[in-house]
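S.K.: Pasting the relevant annotations from TrEMBL:
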DOMAIN    91-155  domain 'CTCHY-type'
DOMAIN    156-199  domain 'RING-type'
REGION    272-325  region 'Disordered'
COMPBIAS  272-297  compositional bias 'Low complexity'
Amino acid sequence: MSEASQTTNGEEVENAVAADQIIEKRIGCAHYKRRAKFVTPCCNKLYMCRYCHDEKEQHYFNRKSVTELICTECDMRQKVQAECSNCGVRFGKYTCLICNLFDDEDKKQYHCEGCGICRVGGRDRFFHCERCNMCLPVQLQCVGHRCVENVSRANCPVCLEDIHTSRIPCHIPDCGHLLHRPCFEQMLKSGHYACPTCQTSMIDMTNLWNYLDSEVDATPMPPEYADYKTTILCKDCHKLSIVKFHVVGLKCQFCGGYNTCQTNGFHKDSSTSEACETASPSSSTSSSSTSRSGSSSVTFEREERHVDAGDELPRANPMDEPPQA
């Protein structure tokens, strides 16, 4: 009786393992749910998708170069097509023979002729900008966006990975440059709010600018530096202005922001007597060098302190470029 029971249990285990293998055989891989394997022309091996190939090989695989595949239902080797020529099974509910993409999961995939690739998210939610040469959310058609020619053909400035063919969503700041959304969120958590490409503020900085205004008012400069001025360039409005030097920050006279940098050393106001100006030229020069570095470090510390004091980081509107399918 016990031997028969053990035999029955063994058969059940074998059947369960066989069933799991069939399910695994049909659902594809961790990246795509499909019923076909690619015959990779670069190394003549079988892989479920290009990501499975790239994880194991030392070279990259372009799925558009595939000319043959193998049906996972009947193991029939055949040319790339939507359905198996032997058993008739469809390799994926979504099929694009331009990109050689097969996927059973509904991700609202669509092929963009302008981008030359398949994207996810739904064709009705995005439009293709000819100058940017990429798909953008339809909301930007109403509010407008800054065009940057072929912007998605560059790598992410944070992780240096490709953007155009990435499966990771990309954030689109007001400046028009792209970076992966996880990279953007990590920058905010680290206290960096400027675009890594052009240094323009990527989020609304009004609260921080107001905080720095109060800090400047509460921290008067010593009398010997009270009359010093400097020329600054605003990284947000891109205008030059002459402002009073302050170690906390240098406020743009046009947009009121502190995302600025000095274009030269500071100097005494023209109303100051020439005698006082020539009395200590070396002191003025050395103070200029020290204060420039001090201004940067103090401003950075103030920004971090402001972030720590709040309940959460400032958040941008998540209107991202659709990732590749």
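Including glycine, each Cβ sits where the backbone N, Cα and C put it.
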S.K.: Using DSSP, break the domain 'RING-type' (156-199) down into helix, strand and coil residues and give each count.
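M.R.: Its residues divide into 9 helix, 6 strand, 29 coil.
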S.K.: Return the average pLDDT for the domain 'RING-type' (156-199) as a whole number.
M.R.: 91
